[in-house]
């Protein structure tokens with residue numbers, strides 16, 4: 001029996017969790033009477049990371065058996081406190097009890113969030129096998145002493161290792177090969193698996209079973225199952241796919257891995273190639289090191305404590321400026337370097353999380369506003385609570401939208417009537433701001449009290465007063481005209497009086513100007529396809545965009561420097577985007593969904609919700625109502641006070 005996972009029984013081997021679980025699996029009952037006096041022995045918990053233990057017992061169940069309407073724990077603990085609301089007709093219930101439309105099952109998209117709507121689909125791709133709970137895994141993960149299936153069916157009792165093979169069987173022309181023996185039949189068989197062929201933007205893990213994006217190499221998180229994407233990485237890499245050199249308190253092994261200096265010359269081979277032992281290990285440390293000295297096969301070496309690096313003289317230590325070298329990886333907002341360390345801080349209105357790195361908004365729960373067909377929904381970014389804020393006629397599609405912080409009004413583009421409309425969320429009153437316009441994007445200047453929009457066909461950016469009322473005569477002005485090549489997405493920075501927009505014509509680019517259209521300049525005109533969705537992240541002073549043509553997420557400082565591009569396969573047809581705290585949100589028209597990813601790494605993609613009908617406009621407003629009369633809020637927006645002295649429309653020029 002596999003000593004770490006199985007126990008001997010008269011009839012063979014049983015999993016260790018079956019010992020003393022109140023159920024007799026061995027014919028002679030020895031699994032329930034394993035003590036010398038006949039009492040049941042005490043077995044330590046062996047539930048892995050993918051399983052949970054029934055309270056008061058030694059019985060382990062996989063996470064997916066929680067709330068599955070079947071009592072898997074003897075006392076029914078796994079079904080206690082579960083939501084009882086069934087799915088509606090035409091819906092399908094996921095393992096996590098989320099209800100999705102029945103036709104979304106097996107559509108190639110994880111609509112449930114736990115992948116159960118795709119796990120049940122058959123057949124598995126070539127080279128993969130299906131777990132009992134439905135998920136497909138690589139054949140190479142069978143019998144590898146790890147539960148890759150949530151239910152453990154990839155590690156049956158018939159698995160048995162035949163040593164640790166290093167070479168392939170002569171008749172096996174493969175790159176990964178291992179030998180197995182079937183315990184019941186005694187038959188010996190060989191498993192051969194070809195390494196995956198990774199796309200150009202990805203690299204293969206060492207075991208050949210996975211491909212990960214180059215951006216995920218040396219990012220401080222193990223994305224390969226074998227952790228090979230982080231081997232040899234001492235800190236965050238500046239060049240994707242190129243491991244960073246070892247730090248001053250680490251010793252470089254011959255195969256590229258880094259070893260803590262305290263393990264060098266300790267009489268044990270910790271490097272795989274044994275390069276940390278032998279040589280001049282016996283030579284005593286007599287160098288004048290500023291911090292510490294350690295022996296090595298190459299002779300004594302100086303090393304520095306965490307937060308420092310060895311100077312060029314090889315003796316002294318200098319401070320590492322983590323804020324500069326790590327960039328966004330150090331802190332989510334502000335960073336203060338100190339000798340040997342650093343500390344993170346948050347802007348007003350944010351609170352530093354216990355991890356000392358992330359900042360979260362204080363006050364009410366941040367809400368996501370999303371336009372889906374003829375409705376505007378609000379979605380709680382912490383609670384997941386959904387609410388319909390407003391609804392129009394079903395034949396009218398709500399396109400782009402924005403929110404006025406001061407008067408709590410939602411403004412949107414109505415394509416059917418070619419008008420920009422609004423609704424007061426306090427009173428429910430509705431109105432029309434302007435008619436005879438077609439726009440891909442609108443944006444509210446809540447401080448200067450104007451609304452801007454783009455007209456891609458005409459190549460213009462236009463504006464009107466928020467307090468305007470439609471009286472049969474258009475009351476708006478052309479802010480920019482002439483040199484714009486299909487302006488599309490538009491975002492504002494009211495406190496600074498600045499305007500940013502994307503152009504998706506023959507020469508895609510990101511642009512910046514004052515809100516009156518003056519001082520136009522190119523922010524970025526390289527590496528762009530169709531930047532169809534823009535979002536500002538003011539705490540970090542970065543602008544984000546989603547590229548429909550190139551399929552990815554990009555960001556840059558507001559001065560156009562520090563450009564970062566992430567290739568993400570699930571970015572297909574983005575319409576609008578928003579940033580809140582550490583997350584990037586966007587609406588996907590092709591998959592009828594709203595999704596989120598980590599804004600810095602592009603990881604942890606989640607489908608927030610999916611509806612019948614395409615989502616379009618999307619915003620994360622700050623629900624507090626700032627007072628424009630407070631001088632601290634005026635910034636450089638010259639129209640914020642008394643409408644800039646203008647009788648009608650005032651356009652800020654900082």
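Even glycines carry a Cβ here, placed using N, Cα and C.
Bear in mind that TrEMBL entries carry predicted annotations, made automatically and left uncurated.
According to TrEMBL:
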- 1-13: disulfide bond (DISULFID)
- 67-82: disulfide bond (DISULFID)
- 87-99: disulfide bond (DISULFID)
- 94-112: disulfide bond (DISULFID)
- 106-121: disulfide bond (DISULFID)
- 124-136: disulfide bond (DISULFID)
- 131-149: disulfide bond (DISULFID)
- 218-233: disulfide bond (DISULFID)
- 246-258: disulfide bond (DISULFID)
- 253-271: disulfide bond (DISULFID)
- 344-359: domain 'EGF-like' (DOMAIN)
- 497-540: repeat 'LDL-receptor class B' (REPEAT)
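In terms of Cα distance, none of the disulfide-bonded residues chosen from 13, 136, 218, 246, 258 sits within 10 Å of residue 112 (disulfide bond). For residue 149 (disulfide bond), the disulfide-bonded residues whose C-alpha atoms fall inside a 10 Å radius of its own C-alpha are 136, out of 13, 136, 218. Counting only the Cα atoms, the space from residue 13 (disulfide bond) to residue 136 (disulfide bond) is about 26 angstrom. Annotation: 218 carries the greatest number of neighbouring Cβ atoms among the disulfide-bonded residues 13, 136, 218, 258, 271 [cut-off 10 Å, Cβ to Cβ]. In this structure, the disulfide-bonded residues 106, 149 were compared by how many other Cβ atoms lie within 10 Å of their Cβ, and the smallest count belongs to 106. In this structure, the C-alpha atom of residue 258 (disulfide bond) lies 44 angstrom from that of residue 106 (disulfide bond). Along the repeat 'LDL-receptor class B' (497-540), the predicted structure has mean pLDDT 92. Among the disulfide-bonded residues 136, 218, 246, not one has a Cα within 10 Å of the Cα of residue 99 (disulfide bond). On the backbone, the CA of residue 94 (disulfide bond) and the CA of residue 136 (disulfide bond) stand 17 Å apart.
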